[in-house]
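Positions annotated as compositional bias 'Basic and acidic residues' by TrEMBL: 532-546. Residues or ranges marked as domain 'EF-hand' by TrEMBL: 376-411, 413-448, 452-483. The annotation region 'Disordered' is assigned in TrEMBL to 527-546. If you look up TrEMBL, you'll see 43-70 marked as transmembrane segment.
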Amino acid sequence: MSEPALQPRAVFTLPRQQSLASPLVINPFVQETRLDAKDKSRAFLFGLILVPLRILCMLFILLVAWPFAVLATSCTPEKGTKPLLGWQRRVCYASLTILGRALFFVMGFRVKVKGEVASPEEAPILTAAPHSSFFDGIVCVLAGLPSTVSRQENLSVPILGRILSALQPVVVSRVDPDSRRNTIKEITRRATSGEQWPQVLIFPEGTCTNRSCLITFKQGAFIPGVPVQPVLLRYPNKLDTVTWTWQGYNFKEALVLTLCQLFTKVEVEFLPVYIPSEEEKKDPVLFASGVRNKMARALDVATTDHTYEDCRLMISAGQLTLPMEAGLVEFTKISKKLNLKWDSVREQLDQFAAIASTSKGGRIGIEEFANYLKLPVSDALEQLFALFDRNGDGTIDFREYVIGLSVVCNPANTEQTIQMAFQLFDVDEDGIINEDEFSLIMRSALGLPSLDVSNLFKEIDADNSKKLSYEEFKDFALKHPEYAKLFTTYLELQRCQIFPETEFTCSTPTVKTPVSEIASVPRNKVCPQASDDDHSIVSVSDKKED
């Protein structure tokens, strides 16, 4: 008695490049310091005396500093185009440096300095990290009042605006569409002009973190291609009151709590000047990475590819009732490797929120995934889910969802695939798909003879005509690329049945291999259409090589 013919099975490849592995620090933008009863009592008692006294001293120092700032900014020709020189610079900078140190002293800061500040000739630019608080401005005082990058509106603040102007800042304008380019040009001009400009102090992370890692450095400090001096910041306090992140203390809370402390320790370390290689001078990304790695080793912390865009996604996730950390994807890495734009990732966050709305913790389980696709849990659906679930924990977070759409679904969701799928459903070849034809193929594709797909059919049938035109089918497929992998897998199975003599790896292997280790590949723009001479199945990796 002959044995039944073996049915070809769907074989998937899981794209698992280490370059897209989850970061060591999941959320560097949160600080959850909780005060116990003892800390609250101490802050209250000290605050009754220290806060009013310190505020009075701070106001007095700022008032004393104001005339020196006026002296530095008055009667100077060609403001912003020439550096402040002569006796005005010596008197004003010496006075403001002394008053700046006094200001942080009366706020309770006890400062420890390591290393020496390089001269402007040795390092025209200072790069300070990690940036975690508005108190990080202490670096400016200790470094001899270098110029900073500041928003135009800050110069209009009474007293503080005048003091800031005395430091000859590089001004950024929100209303100028060319502001970023002009800012880089000005930094480059000052760093390379040979004039006696003060050094430029830049916090290259561009936003505040909790100091658990160093996030992606922006390129502004490294485009000029000149030597930079890395500056490290540490706050080795038992109780952290200075950290000012997107989740945690707001400005007033951090300020008042810090003023309530008897003293606050801060360590500032000036590392040796980093001189870029010729290759780094031509590539600011490489230059920034080299400086960041050097600083991370000195701090003994990890590096991640989070950026300010991750903060925007985090806020958006919170507005969509997701946990805020759900929006963190390491945007710089993801966008570069998968060629994604901000708008598309933001739209995908809306889609993810719609799927995860019934779950807790901002993660999608197999049930939520099936409900979203209006399909029952089946072997085929579990295999598709496994492609998204990169760490194999049985759930999909937003980062895995973005990668899955880009690596698994979107490459398969081509015009050719959609046309082939439509022709597959259109059994009688009349140019339209009715519900019976749709049900027949879906049941066959998923291996579920009693599958009810009426709800899914109604969702695709935009005009309620009970018939699907190609335009309706295409529009739905483009908006829901998750189905593309199911279609291409079924098409691959049909090819295996039509060409059993060819060298496909779709026959049942003698040794059962987990679905996460073997795969067949749909032919599309990423994996081109197979020729008659090449029917072998190739492995799929991420769209971008490391």
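Placement of Cβ uses the backbone N, Cα and C atoms for every residue, glycine included.
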(Q) Across the domain 'EF-hand' (413-448), what does the mean pLDDT come to, as a whole number? (A) 81
Q. Reported in the order helix, strand, coil, what are the DSSP residue counts of the domain 'EF-hand' (452-483)?
A. 19 helix, 2 strand, 11 coil
Q: Report the DSSP secondary-structure composition of the domain 'EF-hand' (413-448) as helix, strand and coil residue counts.
A: 23 helix, 2 strand, 11 coil
